[in-house]
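A.B. asks: Following this message is one structure expressed as structure tokens.
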DNA sequence: CGGAGCGTTGAGTACTATCAAAACAAGTGG
DNA sequence: CCACTTGTTTTGATAGTACTCAACGCTCCG
């Protein structure tokens, strides 16, 4: 499960490990770029992607206001994206798991709008944006897919907005657990048993709650036998109930 | 100020009104698509844009789950975008003023992720997405600009996320007033005197507050002589103070 | 083993929501 | 033009959810 790499802060550019894979044989398949592309197209994409950047827990992939050069697809491990507010506080804007693409917020101003930090040992595919643009011009399908990827990021942000704007602490936590569950399922991992890579602090920050509230909600959901929580290990005991909690039950009429 | 069009539900396709303008002589200039394009490019863009769709207050430009065909640039008037949550409630995701582009959330799934409703009499430029895609392939600059536009939408959503996650009612209202103020300024309108096109309900919905709270905050800011509020008419009396309210003063150390 | 950071739990508080009522504005039809 | 309806906005009283402050148990790692 964990990556067979460690301690390679200065990663050797090419070695024979599994991160050497190409897009065509990547086990993440079509998750990262939902490409129903011809083999030829995949090869071209493959050309521009730079692999082999293992990061340790706590390492930054990029920082806010860094020059924007590339977007990144997570290959293994996980990341949090966050921005620093005017008054110095941190706002977590998203968590990223294998197959998901980060950094598109940097396109607007040619500098990253948020920082990305590894929550555990992690590896990414770096996709230089200029090359991607150029290739998109030649390959309308790729352009379309990338538009879709960005659009999806927009709709996901809007879902979070709704969550923050309308939902209670329990609903927010339940929604996050369900989100992580389904993203796991997409990668053929267990939808009911998983380990949270992020701290309670990050969860609270992301969901607009304090750590204490997050902790209390977990305790409550455990008491209700909806979740089994043991530190970062989560087991969904009652999926239906969890969905009910998330869905806002309110049936006034 | 209001548009010289009314009652044209079935808008005549071509008439001699001012909405006949082309991109090259549009007084919104580079606001909508920040195009530093060559004249030739602008003409090509102009070709694909469909104008003359005046809407009345309350009319929908598109609805959630409508087929996605186009994005829209606001020409006059204003819109709110909203999505309906699973339990039937409404979540306002944004307000759109002249020069701003709506509908990019629809690209991901080829159907609109939210509805767009005119807050007052309004007109738009419709930009068919397929044509835009095709043109982008031929014009890398246009592709780049459109990527940037989408990226900007992402960063703006993230700002709203931060606002909802971290800020008090007063801070949220202040931030919205400042946002509207600066968007007005960009269009060479007054940054201190303006009319809110949306209701208190919409403001509250957008900012994750109840109507009552919105109203109370306006009253308080008025008492503090930061704002002059008279129904929908807003005057910013003390910009500095308003920025202080928005910026989270908290200077613990 | 001990410290540092993380996570949990408790008590009290505060901000915002909820409920309720009334003033006000806008639109309709007689 | 006015009575009437409907929806919006404001204000007040009360309640509840989540925050703050505080203490303590747990983990991880040097």
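Backbone N, Cα and C define each Cβ position, glycine as well.
Note: TrEMBL annotation is automatic and uncurated.
Owing to the predicted nature of the structure, the values given are computational and were not obtained by experimental measurement.
As annotated in TrEMBL:
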type	residues	note
DOMAIN	A:33-103	domain 'Cyclic nucleotide-binding'
DOMAIN	A:167-240	domain 'HTH crp-type'
A.B. asks: Averaged over the whole of the domain 'Cyclic nucleotide-binding' (A:33-103), what is the pLDDT?
C.D. replies: 88
A.B. asks: So how many of the residues in the domain 'HTH crp-type' (A:167-240) end up helix, strand or coil by DSSP?
C.D. replies: 41 helix, 11 strand, 22 coil
A.B. asks: What are the DSSP helix/strand/coil residue counts across the domain 'Cyclic nucleotide-binding' (A:33-103)?
C.D. replies: 10 helix, 28 strand, 33 coil
